[in-house]
Amino acid sequence: MNIIEGKLNLDSNTKIAIINARFNHIITDRLVEGAKDAFLRHGGKEENLSLILVPGAFELPYALKKAIESKKFDAICCVGAVIRGSTPHFDYVSAETTKGIANVSLNHNIPVSFGVLTTDTIEQAIERAGSKAGNKGFEAMTTVIEMLNLSKEL
């Protein structure tokens, strides 16, 4: 059997953008740091990493679409944090953000990763942003690196 998989290394010219939803910035700043750490650990150069800031998770799909259309990046890592409150707002924002990122990703020929936390509590978000459950920003960047390299093999 022939196994095809993406490697976890970057060449020195690879350009990746992190799109960060600033809302819940105490969490999302940690996700960005995790994503940056993964980029550098896997061989990326800091000057080839861009950070695009948007107000909240709902704005991620639009910024993703514009970033892809700019043709400046080889891959894009989206991060954010949507934390459940006492209204249905969480359900709408998390669902539409997920659908929007998926739709943009599938309609363009560029790897995109989804590092948007959707948690019931702030404690769960903190756990996923660098404490007990690792850093999902780091994982999202690792995923997009692997998918970028896989796309070169397919």
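Backbone N, Cα and C define each Cβ position, glycine as well.
Predicted, not measured: the structure shown is a model, and the values here were computed from it.
Noted in Swiss-Prot for the protein shown:
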{"type": "ACT_SITE", "residues": "H89", "note": "active site, proton donor"}
{"type": "BINDING", "residues": "F23, A57, F58, E59, A81, V82, I83, F114", "note": "5-amino-6-(D-ribitylamino)uracil binding site"}
{"type": "BINDING", "residues": "S86, T87, R128", "note": "(2S)-2-hydroxy-3-oxobutyl phosphate binding site"}
Cα separation, H89 (active site, proton donor) to I83 (5-amino-6-(D-ribitylamino)uracil binding site) (Å, whole number): 10
Rounded inter-Cα distance in Å - F114 (5-amino-6-(D-ribitylamino)uracil binding site), R128 ((2S)-2-hydroxy-3-oxobutyl phosphate binding site): 14
Site extent for 5-amino-6-(D-ribitylamino)uracil (largest Cα pair distance over F23, A57, F58, E59, A81, V82, I83, F114, Å): 16
F23 (5-amino-6-(D-ribitylamino)uracil binding site) versus recorded positions S86, T87, H89, R128 - nearest by Cα: H89
Nearest-integer angstrom distance between the alpha carbons (Cα) of the residue listed as 'active site, proton donor' and A81 (5-amino-6-(D-ribitylamino)uracil binding site): 13
Among S86, T87, R128, which are recorded as binding-site residues, the nearest neighbour of F58 (5-amino-6-(D-ribitylamino)uracil binding site) by Cα: T87
Spatial separation of S86 ((2S)-2-hydroxy-3-oxobutyl phosphate binding site) from E59 (5-amino-6-(D-ribitylamino)uracil binding site) - C-alpha basis, Å: 22
Rounded distance in angstrom between the Cα atoms of S86 ((2S)-2-hydroxy-3-oxobutyl phosphate binding site) and A57 (5-amino-6-(D-ribitylamino)uracil binding site): 18
A57 (5-amino-6-(D-ribitylamino)uracil binding site) to T87 ((2S)-2-hydroxy-3-oxobutyl phosphate binding site) - Cα separation in whole Å: 17
